[in-house]
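Residues or ranges marked as domain 'BPL/LPL catalytic' in Swiss-Prot: 29-216. Under the heading ATP binding site, Swiss-Prot lists 71, 76, 77, 78, 79, 134. The feature (R)-lipoate binding site is assigned by Swiss-Prot to 134, with sequence analysis given as support.
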């Protein structure tokens with residue numbers, strides 16, 4: 001019986017691909033070695049312990065229809081588009097060893113004429129006249145009896161967009177989440193013009209087979225029909241949920257301040273698990289009552305722009321004479337927390 005399994009995803013949906021990865025990892029026999037090859041369309045993928053409001057330009061992501069996906073491994077935030085090739089290696093313990101999977105990727109790159117090397121704990125770099133340039137980043141996850149190593153290879157990614165979505169607005173935000181480290185990066189196409197996703201996948205697959213002296217047929221995973229993986233529907237629902245992608249953020253505080261023609265406003269939010277646990281309001285407005293009422297209404301609310309806007313708009317019923325000010329405040333809050 002073969003000990004290898006090779007899966008290739010036809011989907012560009014990050015929630016689908018991460019759900020497939022999670023299901024395979026949970027259910028694989030401890031004696032199996034798995035290679036999963038995939039890629040995502042326009043997505044910011046954050047680490048398990050990260051705060052999306054701190055790491056990402058969430059407003060620009062929303063405007064550009066860029067998805068947010070929280071993975072189950074640690075590490076920092078990365079931007080994925082179809083110029084990235086993603087790989088996942090899985091194995092049971094004690095065989096699981098990220099140095100083996102790293103060596104397989106390095107061998108695959110070398111077979112394509114790219115002389116890369118491991119750098120630090122997570123990166124693969126190539127040496128250029130401008131210095132070391134990162135072409136791959138990785139993250140890892142281990143349980144009691146198994147582990148996985150997943151990462152991306154920058155093939156022909158739009159690096160300008162990477163900077164757009166991973167450089168957040170200068171929000172007055174204090175958080176305990178892990179901060180992503182930005183590094184000098186390079187696309188493999190700069191080093192090997194014409195290189196394709198298919199070539200990289202073929203090279204990784206061949207290096208994988210060669211290392212284990214065994215070959216298997218690839219299983220194509222498609223969104224056209226539900227994958228034959230136990231609990232996939234439930235795993236996908238969780239992976240695609242706001243509660244997982246945003247609500248799992250570490251506790252943080254957010255300060256918003258603005259000056260309107262009718263007065264200055266400071267809002268202090270304490271947020272835990274994506275819900276507001278405390279709101280403090282400071283203002284020099286001649287009529288602070290609507291703002292005080294807003295602070296009370298927001299207790300326990302989900303920290304989402306549309307929710308905060310709805311709560312603010314609802315105050316017009318109680319304070320009709322301040323409708324203009326409340327609409328202005330509502331619009332500002334919705335923009336500020338995105």
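Cβ atoms here come from the backbone N, Cα and C positions, even for glycine.
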Protein Cβ atoms within 10 Å of residue 79 (ATP binding site), excluding its own: 24
All-chain count of other Cβ atoms within 10 Å of residue 71 (ATP binding site): 20
Site diameter for ATP, Å, by largest Cα distance between 71, 76, 77, 78, 79, 134: 21
